Every structure is written in C-alpha cells, then in structure tokens.
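Enquirer: The transmembrane segment annotation in TrEMBL covers 72-92, 112-128, 149-172, 242-264, 276-292, 336-354, 359-381, 417-438, 447-470, 579-602, 628-648, 654-671 (among others). What TrEMBL records for 737-867 is domain 'STAS'. For 925-946, the entry in TrEMBL reads region 'Disordered'. The annotation compositional bias 'Basic and acidic residues' is assigned in TrEMBL to 925-943.
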Amino acid sequence: MTSTRIKIGHGLAKVLGIKLQENEPQEAMLRGESVISTQSFVEEQPTSAEWLAELVPDAEFCRKYVKSLFPFVNWIGYYNVGWLIGDLVAGITVGASFGRVNNYQVDPSQEFVAIGVTNIFAPFLGGFPSTGSFSRTAIKSKAGVKTPFAGVITGLVVLLAIYALTAVFFYIPSASLSAVIIHAVGDLITPPNTVYGFWRVSPLECIIFFIGVFVTIFSSIENGIYATSLFPFVNWIGYYNVGWLIGDLVAGITVGAVVVPQGMAYALLANLDPEFGLYSSFMGVLIYWFFATSKDITIGLSFPLLFQPVAVLSTVVGNIISRTRDEFPQYAPHEIASALAIISGAIVLFIGLIRMGWIVNVISLTSLSAFMTGSAISIAVGQTPTMMGIKGFSTREATYKVFINTLKGLGRTKMDAAMGLSALTMLYVIRSACSYAAKRWPARQRLFFFLSTLRTAFVILLYTMISWLVNMNRRQHPLFKILGNVPRGFQDVGVPRMDQGLISAFASELPATVIVLVIEHIAISKSFGRVNNYQIDPSQEFVAIGVTNIFAPFLGGFPSTGSFSRTAIKSKAGVKTPFAGVITGLVVLLAIYALTAVFFYIPSASLSAVIIHAVGDLITPPNTVYGFWRVSPLECIIFFIGVFVTVFSSIENGIYATVAISAAMLFWRILRGRGRILGKVKIHSVIGDHVIGEDHRQIVGEYGTFDPQDNAARNVFLPVDHGDGSNPEVELDNPYPGIFIYRFSEGFNYPNAAHSLEYLADYIFARTRRTNLETFDKLADRPWNDPGPSRKATKAAAQRHAVEGRPTLKAVILDFSSVNNVDITSVQQLIDVRNQLDRYASPDVVDWHIACINNRWTKRALAAAGFGYPTESHSGMQHRWRSIFSVAEIGGSDSAAAVAEKQANQREFASQLSRAADEEAALKLADDEDEPRKASGSADRRTNVHVGTKRRGVVVHGLNRPLFHVDLTSAMQSAIANVEAREEHVQAQIQDKVQDSSTTH
C-alpha cells in the first residue's frame, strides 16, 4: 500500500505493464518510469446522512445556539448595585434600549425569538399579541437603563397595578385614554421635512411612501404594507419624460382607434352586447400596466402588452355562455361572463403568486399553433353567415356543420353580403397597398404603417356612414342588420353576481378558459421579448392577468388577455412605456361617452368582416407548416390533429387534444427511448488539404487546437447503425470481440429502463454465443422458450456454424453521459440484466464498465447495486486485476495548467503575426512531408519530454471503484486490458495442466 501511495503511475506502468494515460511518453514507459507521481485516492460514496448534513447542525453550533437563546447568561454574572439602581429607575419608567444610540449590536433573529416566546406564553395569563414600544423604549433609554433586567422591574410595577390599582382604573375616562393614544401615535407620523428628504434622495421611493399611506388610509394597514410591493410601475414612473409621453400618445391613440371597433366585435363573439367589449377594453389597459412585469418596461426598448378581449378567448367565452344558458336560463349572459372572469382570474393569480409560471412551458409550440389555426378557422367560418346575412341555423355548432349549413344557405344571402364582402375586400386591399408602398418608398415607411394600422377604423367609419345614409329614416326596419343601441357610459357598474350554482354551472369549462387565458398572453410576451431583447417573467405576467380579470367585471368586463395584433401595432408605433395603455383607455372612455350614438348604425356584416380579417393572421402559413415537417414530422402530424379536432369538434376539445397528445408524445419518447451501440473509429483533423500530424502540430497549436505533446489522431465512438447521421461509408470497428459499448439517449429511469436494457440484451444475444452450449439428455428437459437447434441436420449445422463464428461476451461498457439520476426500478432492472448476462457467459464473468457518470448520487446507487468493481469468476480461477486509472496533473511549473498558460501567452503573442507568415510555414512543412515522420516525431517528443521530471498527479476517480471511468477511452482501455489478462491467465492455467499431465505420464 505504501508503494502505491508513493507512486501509482510507476506501479501501473512497470508492474502491470499498462499505461496510465494514452499520451504518456514512450521513452519513460520503456525505462519503466512514469513522469507522473501520484498518491492514491479512495472515493467515498455519499451516505444518507449527508442528505441532512446541511439541515442538521453540528454539536458546536447547537451549543452556541442554545446559549444564544438565553443571552442573560452572558451578563448576569457581572450584575452589580450600579446596574440595579439604573434598572430600577428605567424599569419604573419603562422600555428596552436603542442599539445605535448606545453603541451595541442587536441580533434580529434573537429578537424574533424573544418576541415569539413572549407572544406564545402571554396568552396563558390572558395576553394578546404585543411587540416593542417605540415611545417607552425611548423613555427607558433616557432613564439610564443598564440591562434587560429592567424589564423585570417594569413587570413588577405592572403586577402592583393589577393587584392594587384596579379600583382606580374604573373611573378612567375613555376619552382621556383615546387622547393618550393619539398623543402617543402622533410621534409616528413622518414629518414633512423627512418626506421632503425622501423626495430629494429618491423621488421614486417617495412615491412608494405616498402609495402606502394612501392604501392604508383607504383600505387597511395590512394592505398598505403589501401594496408597496405590488406595483412594478414605480420602478420607472419617476423617470418619465416628454419624449416618452410623445411616443406613448402616438401609440395609445393609434391602438385606441383599433380597440374600439374590435372590442365591440369580440363582445358579439362572446354572446354579449357590444358595450361589454368596450368595458373590458377600458379596464384591461387601465389595470394591466400597474402590475406588468418590470422586464416588459425596460427603458426605451420594450413595450407593454395590450390587454384586451381577443377573438379566440371571446369565442370560448361565448360557447360557455351558450351552454350555461341552455341549462340555467336564469343567469344573464354578462353575469356568467363576469363570474367566469373572476374565477379564472383568481386561478391564474394564484398560479402567479406561487411562482408556477413555468407551467406554460408544458404547452408546445405545435399545440399553440394548432390551437390558434383551428380557432381562427372556426371563428372565420362562424362569422361568415353573419357577414353574408344568412340565418336559420346556429353558428355555435361544430365548424364543419356551420360550413355545410352556410353552403346550403347561400340562396338566402341578403344585402348584408354587400356590406360584409366589400368591407373584407377593402381591408385586405388597404393592407396590401400599404405594404407594397412601404417597400416601394422606404423613406415613408412609417406613414404607410399608420395608414395600414388605421384601416379597421377607416372601414368601420366608412360603412357606418353608408349605413347612416341608408337607414337614417328606417331605424326600426334597416335594410341590413346593424349594431343597434349601445348604452352611453358604464351601465353595469357593481359587484358581479357570484353564487355556488353559477360557478358550478361553468366549473367544467374552467380548464379551457384558463389555458386560453394564459397561452396566448405568454406566447405574445415571449415573442416580442425575443424581438426586443428582454426576458419576461411568466409568473408576474400571471399576476397581471389574474388581477385584471378579477377587477374588470366590476365595470362590466369579461375575460380578456393579451392581443397579438394590437401589441404588434403598439410596438411598431413606437411605444415607450406601459403608460400608453392609459392613453388607449382614455380613447376607449371617449368612445363610451361620446360615440355611442354613432355605433347604432355600424353594420353587423362589416363587424364580422373585421373579425374575419383579424383572425386571418392567426392561421399558420404553409411555409411554417412545412418547417414543422422538416424539423419534426411527428409534431407536424400533431398540428394537423389539433386543427382537425378543433374544426370537427370544438375549440376547447382542440386545446385538450393538442396538449394531451404533446404530453403523451413526450412521455412516449421517454418510455420508448433506447440508446445506441457504439463503435470505434480513429479520426484525424484536417487543415486545408493537409492532415494534422506530427509535422503540423506547431501550426495547429497556434489556433489552440492541439498542444505540441498531443496525438493528432484520436479515437471517437459513433453509433454502429449511423443513427446520428454520420457518413455510412465510415467503418466502425468493435472495440474488441465480445466487448460492447452502449450509450443511453433519453436518460435512465423507470419509464425507459426496461426498453433500453431489453434492446441491449437482444443486441448482445444476436452477436455473441454462450460460453458453454447447454445440452439436454431429454428433449423434455429443454425450457419451452428455448427451442434449441433445428431437428434438420443441415439446418442445425448451419446454425452451429453461425454461432461458432461469434465471440463470447466479455464486457459491457455503459456511457452515462446523458444520465443525470437513476431510481430504484432502473437500478434493479440493470441488476437483473447483469445477472442474465452472467448466466449467459458462465463460467466466465462479464465486466461492467461505466463511464461519464455526472452525478455522485447516481454513482452511489450503482455502487450500492454492486457496480464499480470486478466480479469474481464462477470457476474460481483468479487472475491479477489490471486497474487503469485516469490521473490528472496538478501543480508545479511543469504541470499541464502551467504549460497551458505558457502556451496561451505564446499564442497571444503569435496572433500578432501576419497570416501570410503562417501560410508560408504551412507550405514549407507540406513540402517536407516526404521526410520520415517517425524520426521527426521522435525528435519532437524528445524535445518536449523532460526526462526525469516529476509532476504531481491525482486520481480522478477513487481506487476503490476501478470500473467507474472518466470517459469511454479509459473504460475501453480497462476492459480490453483485463479481458486480455484473463485470457492470458486461462492459457497459462491450461499450459500448467498440460505440463502436469505430461509429468505424470
């Protein structure tokens, strides 16, 4: 053991005859010396107690902690008469003491302990929650308190009052007590000069101060404390300037012009009157900017999401209202919508508050695209009858039924078709013309952008004017369907109706509502976050969504979320801060109070055209679908399934289908994930038309590819079936007959352990033979699942010939580079396969080498299962185990780190040379390629090897786990070395037996 601790490298090189490292200089090995001297290292596996090591303190910590619970032991021994006099005076007057004034430190944790213990035991004598008193603490400090024992004196004074003065307390006037309270809390009010100091130091924090005071006065003390942390806008509002205001005005007014007609249209989608769309639009933009995540308000770069009712969510809400009204007609549509908004908003708010915003990551892009595409098709088909003036069937049925009924009803088309189709055509013509003009005249690109943005408002105003001219004298019997009366102002302000029957009526629809509520919003946030180079906080966005939907119903709002198209408009319009939402809200407020008379004449067909035009952009274009197919054909199929279910069933079922199928596909990939059998191939790196070899190392070293001592050729391991897309012409060699390398591809846990190991075992059985062929005296003795050789002689001979050409199983190498954790089930199945292969190879043993273990707990689990060290032979024949360890160089001027640093400095200096000089040197070396490389290579090695220089090294993995390896190369070296050693040992045993037999005869 001593010699091993002194020089592991020497022992491995000289005694065992095996290299420590592949690149160790040959000269040193031939002399039986090692340029690396190292000490042994026995790796200790983590114990279960280590899991609690950070939670369970040691004895010294416990001693200090217990002592800290009773601080009086640190000073009670020094108590004296002087302290007693001071405490008597201060105790009678009251208090504690001021740390900063009296120059000592307070331990907040210990103060918490004192407060907690006091409030725990006080109720046993009738006490209620209490804490330190500012005024009485000041009195105590000024009275000359010396120690906390003054509190005992104060307690005795209170005890005297309890027993001797209670009769006097009967006559204390309540008004006088109130005066005492007012006088006491008067000193707690922050004086104006201090508030002015807040403003001078930090105006932002001064605003937070006033917010807290305001909420405390108009709500409660608890809400006042919490309110100061709920408004991210305070992080930027103090820096607001004129430039930001101009950008927000332009963006807010632009979007407001789009919001008004779309808001009314989406209210109709939700089976609500149009004014409810305006209410939701107003409350959405007004509330959201208070709670938006701070990452969405990066100064000068980002933009706020536009929080509005959108087409898909409005359709889902409309379907819920229709189904609920069919079963519970006593509830009005807006009552159902308001209750749905509050409940779904509360769910989303709860998810955000517990910081589970990551849950949106379980919804794949394919699911989102299928949901949006199917929803857009359903909405467009559902609005077509209104646009054409066709009646007589429900547009809330499955999309394919609506489409068929629309085709059947084409003969009932009315004048509405003229107002709808022409409006839809005009919308697309204006957008195309502005897009072409922006490319044709780039200098006026911003002008054409605003013209394109305002096309919806322009078309609605134009067709409203046409409708007014046609129907102003026939309001009761218009030529085509118009919007009708829209009440002025907020007519539905109040507390929403919430009762158990109403909530239970739509409870089954809540999952779909919540999913739609969040996925489009988060998709918009992430999309524009990538464009504008900032990150969004999904959890905080959930808080914003939840708060908005909770408060919007108090003004008549219904469920709303982020709008993709209007958010894009806001971004391109140059929005600067979320305050643009307030501008948009003012535009909507103006429409609610000043434009309701105009809304009367809006053609319903034109509003349907606006909806169809808006949702048309949600349909995934063909080139994107083709991109899905190129990236993942399976997910492309899921996309079509989602669209199909949405069209032939409902939007809600389409959501459930895509999410469920995506989750099932993920689980299936994990469950059926199997690894790859790897083969070995030697590769060379090429620079230009030259293979990097001995003569090219000095040039390659300039680019940091190889050190001068490194071998240019190296072994890599690739899948034997070329499943990674490698060149099929590359011939992969088995590392050694009977040795197999297996790499896990989807981790190694209980869902996929059986499938992965079954594939490994089947592959081994198909390419090896048993060590001992089993023979049975009787045919009935053979197991039913082992048919044995064919009864036909020729076929049996062919089978024997095929089997005889196969090697026996020697070793298995597992690549754990993709495995992070293992569980009991997977380890047990690995043990079962090991036992199965041991029986298959009996009486020989199968060595299990495991490389690239990334987790020490995984290593602990494998070691507990018996992996990591050699298995004894069943035959009792023992051979000397050849342990090959990976050793890392550390320390000294000759260490790898020092050499690397020196070479890095040389490369930095050499990088200042011209590339022409490098090319000239490369050509010169290329001309000399005919010279013997072996001689030059030996000369290079002699130049770089410092004979007799010792460099200290450490073993990477513990000596007690020789079958755990740092990489596949060391695992393969160890496996081959020990297989050969075992075969040599077997041959030696056979020769000894032959010699013994000859001697006997």
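Each residue, glycine too, has its Cβ placed from N, Cα and C.
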Enquirer: Below 8 angstroms Cβ to Cβ, which residues of this chain, lying six or more residues outside the transmembrane segment (628-648), approach it?
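Expert: Sequence-distant neighbours of the transmembrane segment (628-648): 364, 366-367, 369-371, 373-375, 377-378, 398-400, 620, 654, 657-658, 661-662, 665.
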Enquirer: The transmembrane segment (654-671): which same-chain residues, six or more beyond its ends, come within Cβ distance under 8 Å?
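Expert: Apart from its flanks, the transmembrane segment (654-671) reaches 362-364, 366-367, 370-371, 374-375, 511-512, 515-516, 634-635, 638-639, 641-643, 645-646, 746-747, 749, 751-752, 755.
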Enquirer: Average the per-residue pLDDT over the domain 'STAS' (737-867) and send me the rounded value.
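Expert: That stretch averages a pLDDT of 81.
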Enquirer: Mind checking which residues reach the transmembrane segment (447-470)? Cβ under 8 Å, same chain, six or more beyond either end.
Expert: 254, 257-258, 260-262, 419, 423, 426-427, 430-431, 434-435, 437-438, 441, 478-480, 482, 569, 572-573, 598-599, 601-603, 606-607, 609-610, 613-614
Enquirer: What parts of the chain pack near the transmembrane segment (579-602), using Cβ distances under 8 Å and only residues at least 6 beyond its ends?
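Expert: Hits for the transmembrane segment (579-602): 233, 237, 240, 244-245, 247-249, 251-253, 255-257, 259-261, 263-264, 274-275, 278-279, 281-282, 285-286, 288-289, 303-304, 306-307, 460, 463-464, 467-468, 471-472, 475, 482-490, 570.
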Enquirer: Near the transmembrane segment (359-381), which same-chain residues lie under 8 Å Cβ to Cβ, leaving out any that are not at least 6 residues past its ends?
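Expert: Here the qualifying positions are 269, 311-312, 315, 351, 399, 402-403, 406, 515-516, 518-520, 522-523, 538, 611-612, 615-616, 618-620, 624, 628, 632, 635-636, 638-647, 650-651, 654-655, 658-659, 661-663.
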Enquirer: Given a Cβ distance threshold of under 8 angstroms, which distant residues of the chain, six or more beyond its ends, lie next to the transmembrane segment (417-438)?
Expert: 386-389, 444-445, 448-449, 451-452, 455-456, 458-459, 462-463, 466-467, 480, 603, 605-606, 608-610, 612-613
